[in-house]
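A short worksheet on the structure shown next.
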């Protein structure tokens, strides 16, 4: 029921809802991060390494890089931890995995939000897309969260304290949705708060992942990303079926109330983060007038020096354009619910299938594609995805029934295949972005790259909303929906001539030259 581009956006943003708060990802990226996710449209992208080591010689930058449990593990011949996706489940890695799990399990409210906007607030497809885009805004300023986390220790910690507060903010946002929200403006504001919660926690755990990925091969970095997004996919599986059945049985407000408890898991796992406590004296030094200002200026200069390098700027430009192609997700949601009569319970089953498909996509990348060049992965998945996305026309026109395939089974099969491809195409984006980050700039630079990706996702959603309006597709009028689907799917091919902006290296090469340009 979505193109590969939409599934990839969904894979990252909020949903991760998550990395694209409402994404109808699936989410940023962020859960990127990714999530950010995504979810929201968030639509699911990548992680190189640049050497600006001369810029990291200050005491502030050195203090930021504290030994982690992984540093200790790597120095020992054996490991006392269990492994998943080839990664040791140390306390730090467990914290990262659980935060990503929360991003996935927050999908419990995604269907409830969609039905609330459509049925309770009576918005049309274009308005729904705009609200979704607005609530994704926190994912566009992730560098700010990275700077805050890297530069301003809260209660003596740069990671723990922000994870704890992010969980509380998420609980507050969904509590408001369950109680006092009653208009599209208040709904967008509350969802925006939830998006901010996930985006901030996403930046924090992404910085931890980047610290471990730095200096590793693409294959090893891919294993770390597989752990993250495997956890998110598992969270999606846990919540998928109930996301529809609970809406059917108890209503959207009840689902929002249950969802309010889930972000508290992020607050709870903050204690697992192995982090050096910064004393009050150190904090005073870090935040003191001229020292803090100079550190901030250095941070900005280092960020600009890194971003403007061609081996970072050009791949990032491609990812933005890849994400910015329009999609028709909102229009399709209205069609399958208002025209085909799909119930929340059935859509929950579809979500369950796509959650398994997302996990399958992670496994596909981890075992078969992480040593394949980025250009080949994007070329293949984009072309195949565009072709498969055209199958939505069969559903809209009813031709699937002439082949003896019911609407329900056609939707399930279509969603499964597209989600696998979308997740597999999203994973290398995360690997690429992580390896681009120099020491001392993990949170800020990675957040910058993913924010650019998220900006592309939001742009694609808004362009899709504009096309929906232009083609006259409303909550009850779907005559031009086939044309909208064709235009959106063909547009996903537009970035392909720019594949040369991506690096050529594949898989297990360490690519030291790229890292030290």
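Including glycine, each Cβ sits where the backbone N, Cα and C put it.
Looking up the ranges 162-181, 182-201, 202-221 in TrEMBL, the one annotated as transmembrane segment turns out to be 162-181.
The stretch that TrEMBL tags with transmembrane segment, taken from the ranges 49-71, 72-94, 95-117, is 95-117. With pairs at least 6 apart in sequence, the transmembrane segment (377-397) and the transmembrane segment (137-155) have fewer than 3 Cβ pairs within the 8 Å limit; the two do not touch. By the Cβ criterion (under 8 Å, sequence separation of 6 or more), the transmembrane segment (348-368) is not in contact with the transmembrane segment (445-471), since fewer than 3 such pairs are found.
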